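Step one of this worksheet: look at the structure below.
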């Protein structure tokens, strides 16, 4: 039997789309814009870092980051993000969404700037400081995942909640795009001002001393969008669901939402008291009741996000290597250092523009029409199909005349990641768990995803190496090659499709209906 729904929560559920919805999307979305910029801009400058700090005199190819350094620089932010998702997710349920939201943003702004100021006398000390600040940058980014999703889900109405949460996540696409475009602008400006020969013409002169500013500027600009929204984050009222159901303050919840919705709402102290006295609304995360009600749901959200991110991040971080393999980016020795940044950024920007960004917005458009389950299942299915289509005839795609076909197939894989599980794995955990555990469970699901990202980022650095020792990158042991790596990713995507069946559909239902918070405790003793 259903409990009486609080008027303030019902008012949010049935509210028409209003200006405050869009304000919330922009405030939460700018955090995600920054997250994506900060996480993905490092892949634009790793080749440049190798040329600047690991140049070997007389070497045939430009310097590259040693395997352990490359893994650390690329992956340390993920370690920070994973920690931040768990910590801030838990803190968001303990202290409230709003209080913690400002903290995460401040950490992101300070560490973005600090990572661009990485210092040291030797390459090792510069990379160590960079990794230190990138870890704490990731820590701040991690907090943004559970808090942005939870705040948006608790502010949204039933009818368009999926689209609102997906729109916050879709800002990630613009963040990746902005990173690429900004790198193109900086590289073009430096190229115009400081001309340099290619590496094969003059190895020393090909990396101008000013190149050291390029990567620093690209990393530091990530602080700007986050800093701009700090004031607005502090002005946002706490969500009514946290205030009423967790903090148990009906009066404050009604007062806050009366201002937001611009309607008169009464404080229902007795109803809140009744809801909070019910033992069924008291169980914690590590209880049999949680396991019975939400155990499979949590397994579903963690496993699908884990599997998705193995595929998603191995592709995203190693785009530049795949493009080099099929000839989209010329051999490193034929370019100077700044040229290489320009070409990598251009390739990533094109992929973002034509597949990543449209994929996100297709999800926004269709998530409340066809549902989360259908989009996630379809996305994993097509990712599996396209991965195998790239992998099985891989030799065919490496021929010069088939390059465009490879890039189209590759773009389609990305499109269906974003019009698919990349968006839905973010949306669903914010909808199906009780208010007092919502942020924690979203943080656990997201942290599981980042664990997958680390498998993708670290594992595929080694796996994608050629099986022929003479063709591997400097310092790497032979791997299984790009073809077998793509086959492995196809299998990962297929498993994601199977685990999707554990995730419930939340389209058109209230948060309390999904979490079971408005049900009477059946079988009370």
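Quick reminder: no glycine exception, Cβ is built from N, Cα and C everywhere.
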- Item | Per TrEMBL, the range holding transmembrane segment, considering 465-484, 485-504 | 485-504
- As TrEMBL has it, transmembrane segment corresponds, among 100-119, 120-139, 140-159, to residues 100-119
- Message: Using a cut-off of under 8 Å between C-beta atoms, tell me which stretch among 20-45, 100-119, 373-392, 404-423, 485-504 contacts the transmembrane segment (163-190) the most.
- Response: 20-45
- Item | Highest-contact recorded stretch vs the transmembrane segment (213-232), from 100-119, 373-392, 404-423, 443-464, 485-504, CB pairs under 8 Å | 100-119
- Highest Cβ pair tally under 8 Å against the transmembrane segment (485-504), stretches 20-45, 100-119, 373-392, 404-423, lands on 373-392
- If you average the pLDDT over the domain 'Major facilitator superfamily (MFS) profile' (24-508), what number do you get? 89
- Intrachain residues whose Cβ lies under 8 Å of the transmembrane segment (20-45), provided they are six or more past its termini: 73-74, 77-78, 81, 104-105, 108, 112, 134, 137-138, 141, 144-145, 148, 151-152, 155-157, 160, 164, 167-176, 178-180, 183, 214-215, 218-219, 221-223, 225-226, 228-229, 232-233, 236, 260-261, 316-317, 319-320, 341, 344-345, 348
- Task: Report, as numbers and ranges, which residues of the same chain sit near the transmembrane segment (100-119): CB under 8 Å and 6 or more residues beyond its ends.
- Result: 31, 34-35, 38, 84, 88, 91-92, 125-127, 129-130, 133-134, 136-137, 139-144, 147, 151, 215-223, 226-227, 229-230, 233-234, 236
